Amino acid sequence: MRPFRYFPAPAQDFNEGYDAKAFARPYPRKKMTALHLLFKKRDEAAETGNEMTETAPWTTRKPTAMLVLADGTVIEGTGIGATGKAQAEVCFNTALTGYEEILTDPSYLGQIVTFTFPHIGNIGANEEDIEDLTPAARRGAVGVIFKADITEPSNYRAAKHLDTWLKARGIVGLCGIDTRALTAWIRENGAPNAVIAHDPNGVFDIEALKAEAKAWSGLEGLDLAIEATSGQSSVWSETPWVWNEGYGKLDEADAKYHVVCVDFGVKRNILRLFAGLDCKVTVVPAQTSAEDIMALKPDGVFLSNGPGDPAATGVYAVPVIQDLIKTELPVFGICLGHQMLGLAVGAKTEKMHQGHHGANHPVKDFTTGKVEIVSMNHGFAVDNKSLPDGVEETHISLFDGTNCGLRITGKPVFSVQHHPEASPGPQDSHYLFRRFVNLLREKKGEPALTER
């Protein structure tokens, strides 16, 4: 079958005659959009073996960007952000805002983010909401997809237009397509490998882009933490943002605890929350040895979030974590750090169908019996069926039952899959930072802080 191209439809509904009951998922809407029809017709053609012809354009607006999936599907729209192209996995994020924090989260390295909320960019961009530790290196999402064009910003914190910011970050963007239909397709078929391309002149070698999308091996087996990590050690002292004050600073003389952060692609707000709890944080590169970490005389060790396949990063990270567990120091992991800890105790990790990306995910904490709404951003998970004896499952996703937390029985070691620092998202899980600091305080004979 020859894959065909999709041209954006006009605002009005052009297919009044369709019966909603005739179409099962992944076409859940009552009135089919152009992109729904694309997938439906392509699937029907695949079943019958009939070759399809290209559809006529619904608009005369020349496409200046396209998303080419590994199966040959071509989705055309309007280019935004940087020009050029990028190979990556396409995922979707359900957050309504916080797009700057999302796009600069190093965990998104190697991914194209589709925002399900239609209007992105209304509040502009600034330099305060960036999450990667070294913005000049531009570690984060490589591509972005919006439904609507970016409007002029209207927010007192806006410093620049989002399109200008995307260009500066080198993020290739596409807008003007039906993101709901694309999201439904990902939900049913899984996160696809793809190429996103932007040329202001609308000149594309479509066959070459199809070949590139098909040839890309994907995130499995890919160690991206080695790209996302900082190149050298540094000390973090910035504390969380406060209304009308901005970010604060923890003076070294006021630091009560020393935490070493193994940086697999750490987010700034994680480090801020540690500093806000009087922790001096020393950030070290991902391949730092256990001996070098212990030479810094930490009170505890943090295993950060990050991108890529945990099994690939685990080749060098797991032996280090296993040595750290033996020291009896408190250890806390988030996201990729959680997956690394899972591998270190003998569990397995697995690639998820579509991953979890959003700020509205329900998670249950078995240690308290409470349900929290949290932020998530991961495409791999610890297989809860593979957890060995002596390792307790502490959190699960209430969406699909996947593992979201573990702790080692009898040791001050625990981790969570979700992002308790949020940024963006709810603060239901901020208590986990106090839980970790309480382990540091216990070692020093100090009374525990109230978690919530």
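Including glycine, each Cβ sits where the backbone N, Cα and C put it.
Taken from TrEMBL, the feature active site, nucleophile applies to CYS335. Among the features that TrEMBL reports, active site is placed at HIS419, GLU421. Per TrEMBL, the feature L-glutamine binding site maps to SER107, GLY306, GLY308, LEU336, GLN339, ASN377, GLY379, PHE380. Here TrEMBL flags 1-257 as region 'CPSase'.
Structure coloured by features recorded in TrEMBL.
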residue : record                   : Cβ contacts under 8 Å, 6 or more apart
SER107  : L-glutamine binding site : GLY265, LYS267, ASN305, GLY306, PRO307, CYS335, LEU336, ASN377, HIS378
GLY308  : L-glutamine binding site : LEU109, GLY110, LEU219, LEU222, ASP223, LEU224, ALA225, ALA228, LEU336
GLY379  : L-glutamine binding site : GLU89, CYS91, GLN111, ALA191, LEU219, LYS351, MET352, GLY355
PHE380  : L-glutamine binding site : ASP309, PRO310, GLN339, THR349, GLU350, LYS351, MET352, GLY355
HIS419  : active site              : LYS267, ASN305, ILE334, CYS335, VAL374, SER375, MET376, ASN377, GLY425, SER429
GLU421  : active site              : LYS267, ASN269, ILE270, ARG272, LEU273, ILE334, HIS430, PHE433
By a simple count, how many Cβ atoms lie within 10 Å of the Cβ of GLY306 (L-glutamine binding site), its own Cβ left out?
33
Of all the recorded positions given, CYS335, LEU336, which residue's CB has the most CB neighbours within 10 A?
LEU336
Hey, which of the binding-site residues GLN339, ASN377 is the loneliest by Cβ count within 10 Å?
ASN377
Excluding SER107, GLY306, GLY308, LEU336, GLN339, ASN377, GLY379, PHE380, please set out which residues of the same chain place their CB within 8 Å of the center of the CB atoms of the L-glutamine site, keeping sequence order.
ASN305, PRO307, PRO310, CYS335, HIS378
When you look at SER107, GLY306, GLY308, LEU336, GLN339, ASN377, GLY379, PHE380, which the record names as binding L-glutamine, what is the longest CA to CA distance in angstrom?
13
Reduce the DSSP letter at GLU421 (active site) to three states and note it down.
coil
Could you pull the average pLDDT for the region 'CPSase' (1-257)?
85
